[in-house]
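Below is one structure, written out as structure tokens; comments come after it.
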Amino acid sequence: MEVIRIPRIMREISKELRFKGKSIGFIPTMGALHEGHLSLIRRAKEENDIVIVSIFVNPTQFAQGEDYEKYPRDVELDKEKLEALAIDYLFLPDVNSLYPEGYSTYVVVEGLSDKLCGIFRPGHFRGVATIVCKLFNIVKPLRAYFGQKDYQQSLIIRRMVEDLNFDVEIIVCPTVREQDGLAMSSRNLYLNEKERQSATVIYKALKEGERLLNEGEKPLDVKLKMHEIFKNEPLIREIQYAGVYDPLTLEEVKERQNKYLLAVALKIGDTRLIDNLIVE
């Protein structure tokens, strides 16, 4: 595994690899790697000649007062995990190399960015779209891999790729869960023991919502049931959203249809957790 820190060098390596006809699979991450990330890497290894992983805690996707400073960082441990998987390149840029003084260009995917998480994290998806756009230009992947846990993010990136004519295939892989159903997330590290136990209610509520939809319940009644489940969990400090949405538009669904997105964002203590299920 070769570690590259300078965007220009990473771009030159990628350009040469593509010129030689090598397919590049790319997994952009913010580090604190867990089994969810590793599953994306394994899939990329199966489908590409070369696998490149980036680790970059992107400041532009954190709003003021969010957890940018305390976001978990352990690059040495991450390197060990990546070496064990025998990836080809780790791209490890610093903030100044990607956002030098005078930087002033951002990518905004209108519409989708203003729904769900976008309501509670203003500017978040502008930061996500911008950094992914930059990374795609540097790494030049044929395929890029994302997890379904960040469903809205993957939808926004697909839209950006389509609208801006990127030659990248976006592959969204299933959410990887702990044994008790909690979606794997770097932010789970923030939870104390009681909060960690409390967090299992998210998946339980999603599964209950799935069951009710499959039994023919109306989406609005499913939403009410999910909120009821969360309100009975004393450690939940705030329910930001929980309900039934259209998987393409992210609009709330009020009538029955063929496919649904069940999605949740809430805070347990100071930790914001998200999760979702697709129901067909």
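Indices start at 1 and increase along the chain as displayed.
Each Cβ is built from the backbone N, Cα and C atoms, and glycine gets one as well.
Here's what Swiss-Prot has on this protein:
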BINDING   30-37, 147-150, Val176, 184-187  ATP binding site
ACT_SITE  His37  active site, proton donor
BINDING   Gln61, Gln153  (R)-pantoate binding site
BINDING   Gln61  beta-alanine binding site
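This view paints the features noted in Swiss-Prot onto the structure.
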residue	record	Cβ neighbours (10 Å)
Met30	ATP binding site	17
Leu33	ATP binding site	25
Gly36	ATP binding site	21
His37	active site, proton donor	25
Gln61	(R)-pantoate binding site	21
Gln148	ATP binding site	18
Gln153	(R)-pantoate binding site	23
Val176	ATP binding site	18
Ser186	ATP binding site	19
Closest of His37, Gln61, Gln153 to Val176 (ATP binding site), Cα positions, recorded positions only: His37
Mapped DSSP class for Gln148 (ATP binding site), helix or strand or coil: helix
Distance [Cα-Cα, Å, rounded] between Ser186 (ATP binding site) and Gln153 ((R)-pantoate binding site): 16
Secondary structure at Val176 (ATP binding site), reduced by DSSP to three states: coil
Spatial separation of Gln153 ((R)-pantoate binding site) from Leu33 (ATP binding site) - C-alpha basis, Å: 18
The residue listed as 'active site, proton donor' and Gln148 (ATP binding site), Cα-Cα, nearest whole angstrom: 11
Helix, strand or coil at Leu33 (ATP binding site) [DSSP, three-state]: coil
